[in-house]
């Protein structure tokens, strides 16, 4: 597979980058051996160090962390606050809002809603901000490794 | 419960068994016996298929019957379970799914061993994965046994014992003959059945109340005898501080445990890429979120239509709430509609248990063959022989689960599930997160963090009121209870993280920079991923 095949069409569908990754050819008898058993030469190891130090990779990592760290903090705090409030001060959650609905029911449904929203936001962020750069890095690393006779 | 219920339910269940055995035969017709095929289904599943399978693996009978029943009995406090089980998937989506897909091949230990000295790390991670799986498996087996007694009226111990044996034999057949491919399709069939059944019941409940949720909640509160307190927290976990801490502990275990469950982690290897893994988690979150929202409606619906007292009279911990609700929604006892709906719910519950145990058995056989056997016996064995070991391991785990399931027949199912989550969160999650995100993490840190979470979790349970010192204990006669909480998560999860940190800072080993670079680059880009 040529890296150039991973253009716009391929980019939108995981099935295409799946095929492009090269496992398709090796399905069946030629199952790749465990990676430790694989020939991890010094040259191949250098490839990963080189990619890790590249500005493009640092940017992908920065984008990933800048979304995930605050998002984990937000949902975890919100969840723990909910559980702790429910167990320590049930009166707060028992306050009626409208009809039979009270603060507690709204908070519970709010947990569902925030989970769905964060899922949507993460997927959107990954698709728009990370996927293309990550795919290019992947090809770059594999090309580099191939050029040096390393894995892949 | 008349004979009609039983016959219809047994017929439906036999149909499910026939279909699943058919699937097993059909998918294994071109079997090649490669490890890729056995553990990961050839990595050929689409995100949607894997999303349904993830949902199928996750939504156990404990959720379907247990949570609705709990909501019916204690109202709002039962709902906290639904929330915890769903929010947990954000940990999986953000921190685990894609990175694990890119870094590993078949098991959790693959991800950790990539950076460390392989042998000790594999043995540690393999041991904790098998422990978690067996605990979860026993919970499901015990659940299957009590379910049959409950739903089919076979109150005798023999019916219960034979159910446990039958479930064990079936799961070994699915796993050792069909591997991941058969297991995944069984999960998909089961997830669809479970969701269709739940949607149908929810629609019937809402129709009964003319779509008026306010009326539904009011009726439930009135019928419960607790009034508005039924719709607010505190009925189950508000008694004293021990109960409150116990709930916080359980809440932590639920939300952090999911990302450490071996049978969930191994699902990410069945799709071709990290992006496909991400998309399957999105499918799973949608399906699981919808399911848990509906269990809330079913729980309050059962409270409103059947009443907690009638449910409690049928089963002390409320597991019969949904079947009784189905009977009522279909037209009541003795009517055709009631009989059919009851039988359908019973059959779905069986199907749920059968599919979940198959998924867990597969994951634990992978841990035994790929991690433990490969490290302890023959390093670098051929993939083909490893699969043969995995098939035998599946049979062995089946036997172990049958034996433990028969022994633990009277144990509370919810406790076993909570324990499995607590052990997963204490032993598996810290080592996984440290390996993926901590540059300085070392072999000793990895080993310490696994055992430092696993041992306290198990020991604290042995010293808890679950095992001794209270009338409901496993051994009510003796008292060596030292730890007040039923769920060890609140203590053992921080200990797991602490042990990993301590092991790392005290070890003389210099972290391998190149291998950390490889893990990080692979995790985020997928370069070199299989």
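Any Cβ shown, glycine's included, is placed from N, Cα and C.
Heads up, TrEMBL stuff is auto-annotated, nobody curated it.
Just so it is clear, the model here is predicted, and its values are computed rather than measured.
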B:82-100, B:101-119, B:215-233 - the range that TrEMBL marks as transmembrane segment: B:82-100
Considering the transmembrane segment (B:387-407), which listed stretch of B:159-177, B:281-306, B:340-366, B:413-434, B:446-467 counts the most C-beta pairs under 8 Å: B:159-177
Beyond the flanks of the transmembrane segment (B:6-27) by at least 6 residues, Cβ under 8 Å: 151-153, 170, 173-174, 177-178, 181-182, 185-186, 189, 193, 339-340, 342-344, 346-347, 350-351, 354-355
Contacting positions for the transmembrane segment (B:159-177) when only residues 6+ beyond its ends and CB under 8 Å are counted: 17, 20-21, 24-25, 28, 141-142, 144-149, 152, 183, 186, 353-354, 357-358, 361-362, 365, 391-392, 394-395, 398-399, 401-402, 405-406, 409
Cβ contacts the transmembrane segment (B:413-434)/the transmembrane segment (B:247-269), at least three under 8 Å, sequence gap 6 or more: yes
Long-range environment of the transmembrane segment (B:189-209) - Cβ separation under 8 angstroms, sequence gap at least 6: 16, 19-20, 23, 52-53, 55-56, 59, 64, 215-216, 219, 287, 290-291, 294-295, 297-298, 301, 304-305, 322, 325-326, 329, 341, 344-345, 348, 351-352, 354-355
